[in-house]
Amino acid sequence: MAASSHAIAPTDAELLQAQADLWRHSLYYLTSMALKCAVELHIPTAIHNLGGATTLPDLVTALSLPKTKLPFLGRIMRLLVTSGIFASDGANGDGAAAEAVYRLNPLSWLLVEGVESEDHTYQKYFVLATVSQHYVDAGLSLADWFRKDLPEPLPSPFECLHGVPLAHESTKLLDEELDRIVEEGVAAHDNLAIGTIIRECSDIFSGLHSLTYCCGRQGNISATAIIKAFPDIKCTVLNLPRVIETAPADDAVSSVTGDLFHTIPPAQAVMLKLVLHFWSDEDCVKILEQCRKAIPSREEGGKVIIIEILLGPYMGPIMYEAQLLMDMLMMVNTRGRQRTENDWRQIFTKAGFSDYKIVKKIGARGVIEVYP
């Protein structure tokens with residue numbers, strides 16, 4: 001039986017608003033392209049080098065762009081200011097961009113190269129990866145992917161289109177530059193906010209004598225930050241051979257080659273920071289089963305520390321939309337997904353854990369302790 005229909009009779013104002021909303025949703029990709037342009041032109045770094053604020057003519061000069069491009073750069077900057085990527089004094093909608101003073105804000109600060117700050121992780125490669133041709137093509141193939149009757153385990157649209165999974169050894173065979181950008185982008189993304197986590201969730205490390213940090217791209221950055229704050233912790237970084245071979249040397253941690261699915265070096269705690277969202281629920285259970293084998297009982301302080309996006313509208317609609325977009329990024333390009341608290345609870349139970357605690361919600365992410 002067909003569902004009962006409710007006739008929609010929009011007013012004139014609603015129709016015009018609907019058309020404007022359709023424009024926005026259909027053309028949002030141009031905001032991403034404008035951001036990519038700004039990153040490739042090194043606009044955030046140029047503004048930083050000019051003292052953190054600049055006019056459009058000075059920016060054109062600093063970037064060594066033809067003066068004929070000034071009005072076009074003004075239009076790009078106007079969009080990026082409106083989108084919250086830069087701040088501006090004096091910019092308005094009447095085209096008077098040349099009189100505006102453009103400034104960095106917290107978002108564009110993350111795109112400045114060479115900032116000396118423990119809390120700064122250069123995010124250029126995250127941007128370049130997510131708007132790369134291979135990612136975009138995978139997104140454009142979504143409808144075709146839905147129509148195909150594919151055998152399980154289902155390949156991602158990226159894998160279905162390009163023939164290789166993302167962030168895998170075979171990705172390099174598809175495109176070496178893509179592989180490099182993805183590795184750099186994931187590393188930058190994963191290591192951002194480790195200082196915030198250490199400051200706001202220090203209790204998760206207090207009393208630990210050993211920690212296995214699992215499979216972060218260039219995971220030594222986060223692991224080293226933890227050891228610096230808690231020097232009594234003996235930290236082992238578990239990673240794939242190809243990652244360890246290219247990672248910078250670090251005397252503060254011990255690096256071990258291995259595989260999450262087979263064995264994890266024993267420790268009082270195992271830490272998985274932005275790892276599990278790459279994997280299916282079934283694979284997450286297998287990984288967590290290995291984690292459970294690697295730690296002692298809860299009475300002896302055994303636990304798994306998980307830092308992942310925790311899907312939910314608890315931080316408001318803008319942060320929730322960002323979480324959902326990250327979930328779409330996973331759906332299009334990997335076999336993984338972002339998860340709600342209920343999703344995590346079911347996975348923890350299947351992996352044989354007795355309890356868990358959400359220590360804190362930090363931005364889009366949750367810090368979770370899971371107990372054997």
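Cβ atoms are placed via backbone N, Cα and C, with glycine included.
Now, the feature entries from Swiss-Prot:
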BINDING   Gly216, Asp259, Lys273  S-adenosyl-L-methionine binding site
ACT_SITE  His277  active site, proton acceptor
For this session: Count, for each of the recorded positions Lys273, His277, the other C-beta atoms lying within 10 angstroms of its own C-beta, and report the residue with the smallest count.
Result: His277
Seminar exercise, completed: Rounded Cα distance in angstrom between His277 (active site, proton acceptor) and Asp259 (S-adenosyl-L-methionine binding site) is 16
